[in-house]
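Report on one structure; see the data block that follows.
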Amino acid sequence: MSKQLLTVSTSPHMLGGMSVRSMHVEYIIALIPALATGVYYFGWPALLTVLLATGSAVVCELALTKLAKQPTKLDDLHAVVMGLLLGLILPPVVAGLEDACPWWIPVVGGALAVGLGKVLFGGIGAYPMNPVLIAWAALALSWPEHTMAFLDPMPWGTEDPEWVVSTAPLVEFKNDIGNMLSYEMANLWSGMYPSAVGAGGSWALLLGGVYLIIRRIVPWQIPLGVLAGLIGMALLATYTDSRIVEMELETFNDHWNVALFHMATGGLMITAFFLAPEPVSSPMTPWGMLLFGVGIGVMTVLVRHWGAPIDGAFYGVLIMNAATPLFDRIRPRVLGKVGSSA
Amino acid sequence: MSVAQWFKGISLRRPPAPAASPSEAPAPERVYLPLRQHRGDVCEPQVQPGDQVALGQIIGSSESIEAALVHATVSGKVEQIIDISDAEGHPTPTVVIQNDGKDAWAAPDADALIIDNADQVLQTKPSHLLKAIRKAGLVRAAAHGLPMQAELSPPMAPRSYLFMTGIPVVRTIDTLIVKAVDADQPIIPNQAGLAGFGAELEIGIAAVARICGAQKVIIAAAKGADLGQLPQIAAAREWSISQVNGCHYPFGLDSMIINALTGREVPTPYGEPRDVGVLIEPLATILDVGRVLRTGRPVIDRLFTVAGDVAKPQTFRARLGTPMAEMIKAAGGASGQPGKVIIGGPMMGMAHFDLNTPVTKESDGLFVISLAKVQTFSGEPCIHCGRCVQVCPVNLIPAELGKMCQYGHYEEAADKDLMHCIECGCCAYVCPAKRPMVHLLRLGKTEVLARRAE
Ligand code: SF4
Ligand code: SF4
């Protein structure tokens, strides 16, 4: 008999090679275009925001997991991705400018995301809601003036940029729906308007999102659901919201433009492709994911037209996250299951 | 590829090499012949240590229909009868024969037929064909294969579970599917068999179809495979050839092929293809049937692929009873220190601990993984990413089942269709947390069955 020692285990003996770390690397790759767009329009302040949020998330992850006696797994890059996403949905930080977002907002945000959103629930895999959005919601409720302090874009290369705090399109929209028409659609889609660091560049987010879908990191059902829900509800709103009906839009194209406006502004694109499909807090079954997405899209428009907050995309995700266990009950039919033969 | 398949299952990272026709593996010095090489009953030894045996002589036999006769696959002297672990890992009484290198054949059996062409098959009584097949000790050439006589003849009694569900029970076979694809790439005995087939293929298909009574014969071939003369032969006999997506794992598995070609669903967990009127046979089996009928001699070798980290991965005609160590040698030796030796393919095969385990009628290949490349599972928590749900070919929610089995909620898991899992391993393959999904699901199944048996 041979003396050689062989490993024995259950099948499969070959794995796909994906790890939590490589999955997060893909997320980071997919976020690069959005980050680049943010830096292009908002310069160093944008980069500073992202760095502060990421640094804070990483340091807090280290400290809090030690404190909570959880295994510290910084190398799975989850804290980095969380910090990155949080930085991208906050306004750019400018030191010394009155009314601008102060430096401690991303820092507190990173800590909240890791502490309140993740470690408190037991780490990755255990939290019920998207930790990034929990942090964002906490910031937005506590310091609304800071989380809405967006800057006027200054494309990279502008001599001595003078940062000016300005109002986001959605705020204008809230004040008077007619303001919607004063924006160039091309500017809205490229991100040239006062917005959060990375939430404005719709084309860039679309690019990153499609990459994630092709790499099968993000299931296509959720982004598709969000966009479908948003477009459907936005079109419905153009026919029912009395303020828009008064505007007497003539062609279908005008109605369609309202949908495009909703798609390009606020946090919708980053929600559709990055925040809603966050693995832990989103559903897993095909139809569940689709409905989850539709729910978020519908919610966004409802809040923007008729709700109290400015934008509904992020709150929509949080609320739908709470319903994730319900969506997971919508199962596909099991192949080969006949009668009650279990 | 149907739309559903596009989204389900996994594409393996390494595309399979095109199948070359099988080559002859050298006969080993010593063969180890387990007295059970299939699912079913063990044979009684018919020889004593010290006996001289001829090639093809019966060395183990049994009256049971679920036991296949065992023949000597070399001529020489019986050394001893010992217990060694077979392809399934169970200790099995095994006859060890020392090869004298003469390959002297035993006298042919009285029931053996010598058939030259498929037309002659159609004039032979099915019972005679079946008898010849039984005497040749044929076994369905796949893991957990039944002896062919049990596979081909109707079962003694219909099984009760189907009655309780109230669905009509079909027990007559109307369709024969010849599977010329292999589910578990790169173990490709069937594809290699297709690359080098001769007259025995036509005889084999005709004989099996005649015995089981199937009116319709479908040959499932991989997309892009070189079919040679097969289309002409098939057209003359009114057999159809279907290109299936066998290389996209796990759509080469039996139940998946049946579903794709006939639209029928094999009832899980206890159902068999027969329950939906289908007999599905690997091409390797069909070729063996053809060879037995053509030569009148029992089968002494089988199509056996050696792949993975070996110098020259290829498909052999390997003598039954050749130890795995010899097969690795025949393929040019392992590259690097072998860390895992798997009987079967990388996705569904069984890891073995003993290189003396022989090639048996139910083992279709050997997959070697070198020590440096052995992958391990981890105890990380599930991150609820849903990738396993996307790939599961039977539409389960593996993540949820895995958690339930991990924490001992076995009955709850059974309610969520745990028992319908076909253990294909796709969920474990894609899992970013590297959870041992199949291990957990098997644990759960075992516990459920144990509790129900109580
Ligand atoms: S749950 Fe079972 S059938 Fe589904 S992918 Fe996993 S092993 Fe395959
Ligand atoms: S693939 Fe793994 S981590 Fe993802 S849901 Fe399934 S079991 Fe959980």
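Cβ atoms here come from the backbone N, Cα and C positions, even for glycine.
Annotated transmembrane segment per TrEMBL: A:24-42 (among others), in sequence order.
Look at TrEMBL and you will find A:77-97 (among others) tagged as transmembrane segment.
What TrEMBL records for A:103-121 (among others) is transmembrane segment. Using a Cβ-Cβ cut-off under 8 Å and counting only residues 6 or more beyond its ends in the same chain, the transmembrane segment (A:103-121) has close neighbours at 48-50, 52-61, 64-65, 68, 70, 78-79, 82-83, 86-87, 90, 93, 95, 127-132, 134-136, 138-139, 143, 146-147.
The transmembrane segment annotation in TrEMBL covers A:192-213 (among others). Only residues 6 or more beyond the boundaries of the transmembrane segment (A:192-213), in the same chain, are considered here, and those with a CB under 8 A from a CB of the stretch are 26-27, 29-38, 41-42, 46, 49-50, 87-92, 150-153, 155, 166-169, 183, 219-220, 223, 263-267, 269-270, 272-274, 277.
What TrEMBL records for A:220-239 (among others) is transmembrane segment.
The transmembrane segment feature in TrEMBL is assigned to A:259-276 (among others).
Residues annotated as transmembrane segment in TrEMBL: A:288-306 (among others).
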Decide whether the stretches the transmembrane segment (A:77-97) and the transmembrane segment (A:288-306) have at least 3 CB pairs under 8 angstroms, with pairs required to be 6 or more apart in sequence. no
Restricting to the same chain and to residues at least six past its boundaries, which positions have a Cβ under 8 Å from a Cβ of the transmembrane segment (A:220-239)? 209, 213, 245, 249, 254-256, 258-259, 262-263, 268, 271-273, 276-277, 282, 286-287, 289-302, 305
